[in-house]
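TrEMBL annotations:
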- A:26-45: transmembrane segment (TRANSMEM)
- A:79-99: transmembrane segment (TRANSMEM)
- A:111-136: transmembrane segment (TRANSMEM)
- A:142-163: transmembrane segment (TRANSMEM)
- A:170-193: transmembrane segment (TRANSMEM)
- A:217-239: transmembrane segment (TRANSMEM)
- A:260-286: transmembrane segment (TRANSMEM)
- A:301-321: transmembrane segment (TRANSMEM)
- A:328-349: transmembrane segment (TRANSMEM)
Amino acid sequence: MSELSPSSPAHDAELSAYARLVRRRIVLIGALCLLMTAAMLFDIATGPSNLPLSDVLTGILHPGALDAPSRVIIWDVRLPYALMATLVGAALALAGAEMQTILNNPLASPFTLGVSSAASFGAALALVMGLSLPLLPVGWNLPVFAFILAFGSVLLLQMLASLRGTGVETLVLFGIALVFTFNALVALVQFVATQEALQQLVFWSMGSLARATWDKLGVLALVLLATTPFSLAASWRMTALRLGEDRARSFGISVRRLRFLALLRVSLLAATSVAFVGTIGFIGLVAPHIARLLVGEDHRFFLPASMLTGAAIMSLASVASKTLVPGALLPVGIVTALIGVPFFVVLVFSRRERL
Amino acid sequence: MAPPALRIEGLSAGYGRRRVISDLSLPAIEGGGVTALIGPNAAGKTTLLRSLAGLVPARGSIRLDEVELTRLSVAGHSARVAYMPQALPQRVALTVLEATLSALMSSPDGASDVAEAQSRALRALERLGISDLAMRGLDELSGGQRQLASLAQSIVREPTVLLLDEPTSALDIHHQLRVMQFVRELAEERGIIVVIVLHDIAQAARYATRVVVMKQGAVAADGPPDAAITPAMLADVYKVAARVERCSHGFLQIMVDRALDEAGVQARSVAPPST
């Protein structure tokens, strides 16, 4: 076990092998970017009125070159829906990737700790009980209530966990308790709801992109822009956390702080997404798994790859929601799993042994 | 330059309300040697090691030269002390090199740029003789290889104090000897303090320069291996009748004859005298 000089041939060979691995991952992330863009354009081009892809591109690049109805379809319907699909997919996937790392659990998703149940309860209060906040524009009441409850549930979770210590098990146990509590409260509200309100609530909980508007897109984009740099800045620490909590602490990482800040980001991303489009499961669970199979768990690559994968799956799910039943727009929350599962299974079976 | 010294005075530590070690003091542990913590299950070895690593809330004093470690932040602590846990992570999609790199890049006192970290990480792997595993995934490794990869994550940060919790538990006999020899050489060459929890008394006898025997959260014996490991200690702490002899190669050999009842009285009357 003698010490070799830094310039030994073995050293150089391993360095160039690592450089190749890094290049391969960058290429894969580039390919995911292309896939996401293609899926988004395909999503914009898909709909009841037949708009060829060339018209879509023209409409986006030179809006004045198209006739008014096509312009309205592209700018007021297709583009917001498609962008919302992309942003929600990226937000939920980033939230899921961070959640799986901080909880050290491959089955974790943004909704594991009750964020979605709390949002549903908020939506139920707004829809069924007719609660509203003053000065809120029409159309914002429900998302704001959903957001307040979702974000509040995470703060409550943090508070409960800090009373008892911040171990992963404590967080998950309190999270599960919150899921059951909010589900029971939603059931209670449903029990007293009118037929019409109940129908609206059920539809809301299925998740739909049809609620997208440019203002909501702006808010979600801002949340993503505000959280992603912090996620990426924490990427080495998150990678180290994969080696175990004791290990990470011995590297000098304040795991409690890392976990708290990550959970805040997750709750912001998940609560905003759920508030605007309802519950969309599966993306936050499976997109990180696909990204992990593709680029491993160095979070510098894993987090962006998760976001791009989530965005691509969500866009493809949006296309499927428009085409599976001709003439009908299915709630996208129903089809995300239908699109994601085959993709996931193919990847698992074709997984190469090396990373 | 004088070797570093670790002083433990009046240390109490535990989990929640359960106190595992209380009011424990040790003469200074000096750099350049390997101190083995041995003792039966639940003696408090790992708790003592984890409290030295700053992972268990502890009261009392742990001083590294003039620095009081218990008052340092997590980052300040990690700049001086490296800890290798016994449990190894499962299902982690990282290569050996990436895991070693993350030890440097995530640490506040670690490398400032990736290129420097890559060189340091590769040197650590080469030092352990596992540079051929650099690009292998942690999940593809055998238990022994993973333990070596874990040791690389600890030594790469070039700590003053290296704490190892049963680093040879998953290794075959060849790798056990390699790791222990490596740890001993590292302590001697760099003059660092190595504290290592071991279950194997023979390994402690052979590779440690000092052995601290723990029993029920207190120190039962402390000193060079031939002074700390005696038939009387083995009967009292481990409840076994055993002989301790020095072989023709000069190594201490522990020959266990049988387990004793809780009182251990019979052992003292029938155990052969120590050499």
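Using N, Cα and C of the backbone, Cβ positions are placed for all residues, glycine too.
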| note | Ranking A:79-99, A:170-193, A:328-349 by Cβ pairs under 8 Å to the transmembrane segment (A:260-286) puts first A:79-99
| request: Test the contact criterion for the transmembrane segment (A:170-193) and the transmembrane segment (A:111-136): 3 or more CB pairs under 8 Å, pairs 6 or more apart in sequence, then answer yes or no. | output: yes
| Near the transmembrane segment (A:142-163), which same-chain residues lie under 8 Å Cβ to Cβ, leaving out any that are not at least 6 residues past its ends? | 113-123, 125-127, 131, 133, 136, 170-171, 174-175, 178, 182, 204, 211, 216, 260, 263-264, 266-268, 270-272, 274-276
| Per Cβ pairs under 8 Å, the stretch of A:79-99, A:217-239, A:328-349 packing most closely against the transmembrane segment (A:301-321) | A:79-99
| task | Quickly jot the same-chain residues contacting the transmembrane segment (A:328-349) by Cβ under 8 Å, restricted to those at least six beyond its ends, or write none. | result | 85, 203, 205-210, 277-283, 286-287, 289-290, 293-294, 313-314, 316-318, 320-322
